[in-house]
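Peer 1: Below, the features straight out of TrEMBL:
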- 12-37: transmembrane segment (TRANSMEM)
- 68-85: transmembrane segment (TRANSMEM)
- 91-109: transmembrane segment (TRANSMEM)
- 116-134: transmembrane segment (TRANSMEM)
- 140-159: transmembrane segment (TRANSMEM)
- 166-187: transmembrane segment (TRANSMEM)
- 193-211: transmembrane segment (TRANSMEM)
- 257-279: transmembrane segment (TRANSMEM)
- 291-317: transmembrane segment (TRANSMEM)
- 324-343: transmembrane segment (TRANSMEM)
- 355-376: transmembrane segment (TRANSMEM)
Amino acid sequence: MSRPTTTTRGLSVAAGLTLSVAVTVVVMTQTLTGFMLDLQVFQDAGKAMLAGRDLYSEDFPTRSGFRFIYPPFAAIAFIPLAPLAATAAQVAWTAATIAAVWAILAMVATRLRLHGAMALALALTGVALLLEPIRANLGFGQINVFLVLMVTADVLGFTPRRVRGVLVGLAAGVKLTPAAFALMFLARKDWASLVRALGAAVTTIVLGHLVRPADSAYFWTTEFFLTDRGGPPEFVPNQALSGLLARAGLTGAPLDLAVYGFFLLTAAAAAWGACLLIRDDRPVDALMLVSLGVFIASPVAVTHHWSGMFIALPLLLASRRLPVRLALAALVVAHLIGTHLAYSLTPLDPAAHLLQWLVGNAQGLTGIAAFGILLADAARQPTPTRPDPEDPDA
């Protein structure tokens, strides 16, 4: 019985590797002629830092007309991009993003104790690159995959114990969202890593203030509180609950009440579920749960903010629970299709197009369903642990 299984696995990996090579070639070729809007803004921020220009006023040297909406620390981090020609920056950024996708998959597959984790990660990379959040991330030249890489390495124990937590804190210094993954340290009762994460995040704020005091003051007193910086709730790529409700016709105070109430409920549920999953030696499941909580409960989460959902691929292969596998499969299919694009077929009309709402919001709906099923699975009795070749916390 083992030989056919081994043969089938080998053929599947070979097919995946072929797909990964083909997709990578296509993506890198498109990079030579495409335009990465967000990457250009990142370069503009680096240039503003070098030239002493404002980051948030009309003096910001934008070439696209789009504003810079990240903390001053992020602009400091973007300085190395400033001298690069546009094409060189796009090629380097895209290649690094693809490498980061593979590294994340490799770490997740390793923690799931999947056979041949490195090769399997390569085989899954092509599928991950076809997921709509990653397509959007690559198309815009976004930074989200790099933040997922930092968080994954830290919370799954691939960083040395004495500095664990620092990467989560630094990632939160670039974009606040990664701060939510400190829940993983809290669930593990890893107080030292939690303190290091907080310390690293505070350090990024202090550094930004020392280098750009006026910009820092503006960001943390004004820009930071603009929850629609990524677009209004009804913006079609927003697949968080806020977008689903806004496109159903909910507006104003009722929408705000629903969104913030759901945020608090989801945060509490994610923390509880992560504790149960960590106790059951299922850190990847916990990472998936917290990630989904962030995606569905954020005030606005456009699809490239969902970049971390591709860890569902190896988790789908490893999961022993049928409901979890079905939920993750539905999540993957919805994001392969990019179902929100259904809204481009007909005008947005929540009162007249229920089917359009169901299809166009399937990415968010499958995210909510997967969160609920993972949470329910976490509450079940612990399952026998897989053979552990190494201690994640070693």
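Placement of Cβ uses the backbone N, Cα and C atoms for every residue, glycine included.
Model, not experiment: these values are computed from the prediction.
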Peer 1: Give residue numbers and ranges for long-range contacts of the transmembrane segment (12-37): same chain, 6 or more residues beyond its ends, CB-CB under 8 A.
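Peer 2: That would be 64, 66, 87, 90-91, 93-95, 98, 116, 119-120, 122-127, 129-130, 138-141.
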Peer 1: Are the transmembrane segment (116-134) and the transmembrane segment (166-187) close enough that 3 or more Cβ pairs fall under 8 Å, when only pairs 6 or more apart in sequence count?
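Peer 2: Answer no: the transmembrane segment (166-187) and the transmembrane segment (116-134) share fewer than 3 Cβ pairs below 8 Å.
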Peer 1: With CB pairs under 8 Å as the measure, which of the listed stretches 91-109, 116-134, 193-211, 257-279, 355-376 comes out on top against the transmembrane segment (140-159)?
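Peer 2: Stretch with the highest Cβ contact count: 91-109.
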